Amino acid sequence: MSALLILALVGAAVAFPLEDDDKIVGGYTCPEHSVPYQVSLNSGYHFCGGSLINDQWVVSAAHCYKSRIQVRLGEHNINVLEGDEQFINAAKIIKHPNYSSWTLNNDIMLIKLSSPVKLNARVAPVALPSACAPAGTQCLISGWGNTLSNGVNNPDLLQCVDAPVLSQADCEAAYPGEITSSMICVGFLEGGKDSCQGDSGGPVVCNGQLQGIVSWGYGCALPDNPGVYTKVCNFVGWIQDTIAAN
């Protein structure tokens, strides 16, 4: 894993669709407020995504760490005040103790909000996994990441894409020696459809449960290069213990 790759994924993910298409490959603009757990991490600008897991905690990717973060909830168009947003500063930001910035193993981070959010139809938590998602499970990935294959176009409106969990064998074959037990691949081995990572730290939700966190990958929609995500089902104990201790 190169440092260049890691840097490329922070803030807005790399997008390299096979087709000359200025949209996330296979993706679409999410119906307004259909992803109420999606958050935007902001430090004067949107730089990563995350997921609300209860009224005072957000989960994201550890490689999205900044010492000061404002969490923005209830967003759809992140460049317009629409009246449903809640902006809350982070009180605590906790990276997994075994996170590796080189291999991106254990790429998970918890953010405690300085005050609880007001839960409603447009701001609501997503459930943690009760079990790991088997290969073939269909998932929803969302984010405000770059939508251009050449250049930069960060969309105003939240983007969604549907993609399946791949087998661990296929994931390891796609990235020999780079996949750990804390990573899963989601996407299509044949290429042509992908989330283009959406946004680093953002959610992969399967059957109503948070199964993945946008972590890394090589390009987008390239054959044999699916997106790689933090395997959230392996971290439920750590999440629960960390919340209880803080």
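Cβ coordinates are placed from backbone N, Cα and C, and glycine is handled just like the others.
Annotated signal peptide per Swiss-Prot: 1-15, in sequence order, evidence recorded as similarity to another entry. The feature disulfide bond is assigned by Swiss-Prot to Cys30-Cys160, Cys48-Cys64, Cys132-Cys233, Cys139-Cys206, Cys171-Cys185, Cys196-Cys220. Taken from Swiss-Prot, the feature active site, charge relay system applies to His63, Asp107, Ser200. According to Swiss-Prot, the feature Ca(2+) binding site maps to Glu75, Asn77, Val80, Glu85. Positions annotated as site 'Required for specificity' by Swiss-Prot: Asp194.
Projection of Swiss-Prot feature records onto the structure.
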| residue | record | Cβ neighbours (10 Å) |
| --- | --- | --- |
| Cys30 | disulfide bond | 18 |
| Cys48 | disulfide bond | 30 |
| Cys64 | disulfide bond | 27 |
| Glu75 | Ca(2+) binding site | 26 |
| Asp107 | active site, charge relay system | 31 |
| Cys132 | disulfide bond | 17 |
| Cys185 | disulfide bond | 28 |
| Cys206 | disulfide bond | 23 |
| Cys220 | disulfide bond | 26 |
| Cys233 | disulfide bond | 17 |
| request: Determine the Cβ neighbour count for Asn77 (Ca(2+) binding site): the number of other Cβ atoms within 10 Å of its Cβ. | output: 14
| Which residues in the same chain, at least 6 apart in sequence, have a Cβ under 8 Å from the Cβ of Cys171 (disulfide bond)? | Ile179, Met183, Ile184, Cys185, Pro226, Val228
| When you put Cys64 (disulfide bond) at the centre and draw a 10 Å sphere around its Cα, which of the recorded positions Asp107, Cys139, Cys206 have their Cα inside it? | Asp107
| request: Kindly assign Glu75 (Ca(2+) binding site) to one of the three DSSP-derived states: helix, strand or coil. | output: coil
| request: Using DSSP with the three-state reduction, classify Cys64 (disulfide bond) as helix, strand or coil. | output: helix
| request: Please report how many Å separate the Cα atom of Cys132 (disulfide bond) from that of His63 (active site, charge relay system), as a whole number. | output: 23
| Can you tell which of the recorded positions (Val80, Cys139, Cys160) has the fewest other C-beta atoms within 10 angstroms of its C-beta? | Val80
| note | Cys48 (disulfide bond) sits from Ser200 (active site, charge relay system) (Cα to Cα, rounded, in Å) at a distance of 5
| query | Pick from His63, Ser200: which of these active-site residues has the biggest number of other Cβ atoms within 10 Å of its Cβ? | reply | Ser200
